[in-house]
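For reference, the structure discussed in these notes is given below.
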Amino acid sequence: MSFFRTVSALSKLRSRAVQQSSLYSSVRWLQIQSSPEQDLRSQLKELIPEQQERLKKLKAEHGKVQLGNITLDMAIGGMRGVPGLLWETSLLDPDEGIRFRGLSIPECQRVLPAAFSGGEPLPEGLLWLLLTGKIPTQGQVDALSKELQGRAIVPDHVYKAIDALPLTAHPMTQFASGVMALQVQSEFQKAYENGISKAKYWEPTYEDSLNLIAQVPVVASYVYRRIYKGGKAIPADNSLDYGANFSHMLGFDDPKMQELMRLYVTIHSDHEGGNVSAHTGHLVASALSDPYLSFAAALNGLAGPLHGLANQEVLLWIKALVDEHGENVTTEELKDYVWKKLNSGKVIPGFGHGVLRKTDPRYMCQREFALKHLPDDPLFQLVSKLFEVVPQILTELGKVKNPWPNVDAHSGVLLHHFGLTEAKYYTVLFGVSRSLGICSQLIWDRALGLPLERPKSVTMEWLEAFCKKAA
Ligand SMILES: CC(C)(COP(=O)(O)OP(=O)(O)OC[C@H]1O[C@@H](n2cnc3c(N)ncnc32)[C@H](O)[C@@H]1OP(=O)(O)O)[C@@H](O)C(=O)NCCC(=O)NCCS
């Protein structure tokens, strides 16, 4: 790809952005005209007072109820099991896995609107559910889809900020930099500077959040095309829904890949509040940093190998295994390989979890997708073999609390099957989908007036003295 072709493709994309920008105000006007029943913001406005009352009542009537004991192990062990956060959009059960506003993944697959009968849930429907706690109608999802399209205008300086980085910069670095550059347009920051009242904080937070959710697929696909496709960016297709359009802008128009993207964005969107990215977003936002600042911080946490980067690590791990033993590796060879990795002090990526104690339902639904659409894929078969071999070995190791596979053990081979083979990009996809969960909760953080987060820290000396006194 020559430099000139690259530049011309990018400038086409940008001039389209300018044209879209001029349409933006009229699209927003039309949205304001849509019925309150189908307008997400109007629905939220109705819900917020009752939830504010609910929290006020909890605090007034039960504020001093003890939620458990904090042990020294918990304080020095990454705060495992400390119930110290309010997170309304989802709840994680160690055995059963995630529930989005009370609905399990199979339930979401059954009840949320899909692109066609029996298809995977549309991420827009999940976003509606996360924000309102209600299952949306097809009409509400269609209206939200259009609203997000209207908001998906990325300013030119964002592309320039990304272009300032070397092509060799990790995709997550480029993506997070793009999100930081989006911050320039924050409505919350402007409203705060203009002295907005506390009671209205949620409103510009809503605007920023919806804009951010709408714009991250554009930024993410720009990063992908810039690094791996010679800068040949693909404009949005507004006839498509959020997931399918993201797939399209990345360069994948296979209907099955579009379905995968809808499923991917839905199941990766939220995993209660204590995981590194969600907690980071919530913490940063508690300082009244706007959604862009908060979400960019969350992405930097997601980029760690023990968290979101694990999906990249899994595919690279599997490829290294294939390089050494081929695709038809025997069970014995596989066992030896896993032990060799463990004995060299490495973790097996895609297995284990900070909270879950059973196989992740996000793994299971991706496995079902693979069984339906790509049962003969050799890498899928390898993933299945790992499912048979690794848990037993991790159990034998003795110290691993959860030997079962997590979400990341599966996602890479599905993407690889449809041609998205660049493993280093995978965490960016995870980041796009996390915008739905993290931003939904940020809106509620501001609506509920949650305070600055400030847990107590202690020194080893403090702990020693405390324990001596307690003995
Ligand atoms: C997810 C993860 C970070 C959770 O960590 P955790 O809550 O501390 O997990 P545990 O309490 O079970 O850890 C106990 C021990 O088992 C080890 N362990 C946990 N999962 C392991 C794995 N997949 N492979 C090897 N060792 C593992 C830990 O490193 C720890 O060892 P240490 O005591 O020598 O430090 C961990 O399971 C892991 O590193 N998994 C691989 C990376 C991954 O898939 N991350 C994505 C998560 S969705």
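Cβ atoms are placed via backbone N, Cα and C, with glycine included.
These come from TrEMBL:
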ACT_SITE  His307  active site
ACT_SITE  His353  active site
ACT_SITE  Asp408  active site
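Structure with TrEMBL features highlighted.
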residue	record	DSSP (3 states)
His307	active site	coil
His353	active site	coil
Asp408	active site	helix
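Cβ neighbours of Asp408 (active site) (same chain, under 8 Å, six or more residues apart in sequence): Ala310, Asn311, Glu313, Val314, Pro349, Gly350. Straight-line distance linking the Cα atoms of His353 (active site) and His307 (active site), rounded to a whole number, equals 9 Å. For the active-site residues shown (His307, His353), fewest C-beta neighbours within 10 angstroms: His307.
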